[in-house]
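K.L.:
I grabbed these lines from TrEMBL:
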- 10-124: domain 'Response regulatory' (DOMAIN)
- Asp59: 4-aspartylphosphate (MOD_RES)
- 145-374: domain 'Sigma-54 factor interaction' (DOMAIN)
Amino acid sequence: MTVAPSNKPTVLVLDDEKNIRRSIEIALEPEGYEVLAAHDAAAAMRILQERIVDLMLIDIRLGDIDGLTFYKKVQTDGIHTPVIFISGNATLTEAAQAVKLGGFDFLEKPFTAEKLAVSVRRCLEYTALQRRLRAVEARSPAPQIVGDSPAIRKLVTDALRVAETSANVLITGESGTGKELVANSIHTHSARCAAPFVKVNCSAIPESLIESELFGHERGAFTGASGTRRGLFEVAHSGTIFLDEIADLALPAQAKILRVLQSGEIQKVGAERSIKVDVRVLSGTHKDLKKAVALGAFREDLYYRLNVVPLRVPSLRERVEDIPLLVRFIAQRLCEKNNLKEKEIDEDVLWELKRYPWPGNVRELQNVLERMLIMSGERVTVVNLPEELLATEVTATNSGSALREFRDRTERAYIIGVLRKHKGNVSQAAVELGIGRPYLHKRMAVLEIGKKDIYS
Ligand SMILES: Nc1ncnc2c1ncn2[C@@H]1O[C@H](COP(=O)(O)OP(=O)(O)OP(=O)(O)O)[C@@H](O)[C@H]1O
């Protein structure tokens, strides 16, 4: 979406000596850094609340508060900017404490401009490297979009293509189809992968809190705001934010997001000034956003800003051929999670799973599988299929294809034949059919097999 204010790394200098602050500016500005100077802790804190700082240079001996205490407070506030401590007369204990607190370096005054520049450069390089390493580690269980159907293959290709750009993407699709998975995958394959991926469920946040959740707030901005808080846009700086259920966002919040997209700036609730952020915006919805625009429930200008690239995640019904692959993948993950031995799943079960319309898509499939894997014995058989799957079958049968009708007719005739052979004894028929008695009862109900069919 937005362009960062400047690509220069920003260094905050906190030192009560004016000469030192000035000499640091003189040393670092020609090297391409933006230097922000603060003479006391309060001024430094204000800067940290308003700007995103890449590195801090903190003097240990300050007039009002010592540099180490200040840094501890910054960390408690959830700001983890790397720091280099400086001091003219620090004690050994203070130096040791500076290292213990995670200071990258400790510079003794007086230091040369070269020494300072080298230390700053190394610190920023080290931080960038650490970030990349974290991203690689976080990436190892890369979100896998399972499926081999043409629809899924196209989705994966499109997602990878768009990942390389900074375009805003609107991901649509029914509930549980994998919209978040796609958003996560776009982020992981983008140049932003080292920075955070922040998911926001817009429908879960009350309207009165949304502004403070997204943009943060200043202390005392409203009743209960006891401290300054960073908003999710700030947390996602340099990375990606995924605004899920975007259609549920109220109009005032939509206006605020539009402003962020236009200006690249956010304003904390109760703050006087705005801060620049660089965030890529992905959004998701299972609703028809175009229709919401037509009804006046969603801003048209915001719709076009969000929908630079549309991606549609197909429902599970549209890619029935992916079900066996998904079942295998999900079952393996679930067995690991539940400490279960891997189980075989009968072909008949897969057949039934393919027939069901899956209104809750992959999430529903996941839940059904989990229940079946936990409740089954050595292998998962049709007996383990849950009620709801069989209950909806009548509808599925009635609305079905010629092939389905043929299959039902054949199955019905076969079951009637076996039941007749065993003179209507369901237990014996079930044994011959190789299925459980309860399942045979269910099939008889679904296929409408009654006494008159067996004894006529
Ligand atoms: N193609 C897929 N391969 C593997 N897992 C998938 C796939 N699609 C979805 N899932 C899994 O299904 C679950 C639901 O997916 P996800 O939360 O991404 O759906 P969603 O469309 O964002 O849902 P909602 O609209 O309800 O927020 C997740 O656990 C996800 O990992």
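In case you wondered, yes, glycine gets a Cβ from its N, Cα and C as well.
Fair warning: this is a prediction, and the values are worked out from it, not measured in the lab.
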K.L.:
What three-state class does DSSP give Asp59 (4-aspartylphosphate)?
P.N.:
strand
K.L.:
CB neighbours of Asp59 (4-aspartylphosphate) within 10 A?
P.N.:
23
K.L.:
Pop the mean pLDDT for the domain 'Response regulatory' (10-124) in here, whole number is fine.
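P.N.:
Result for the domain 'Response regulatory' (10-124): average pLDDT 90.
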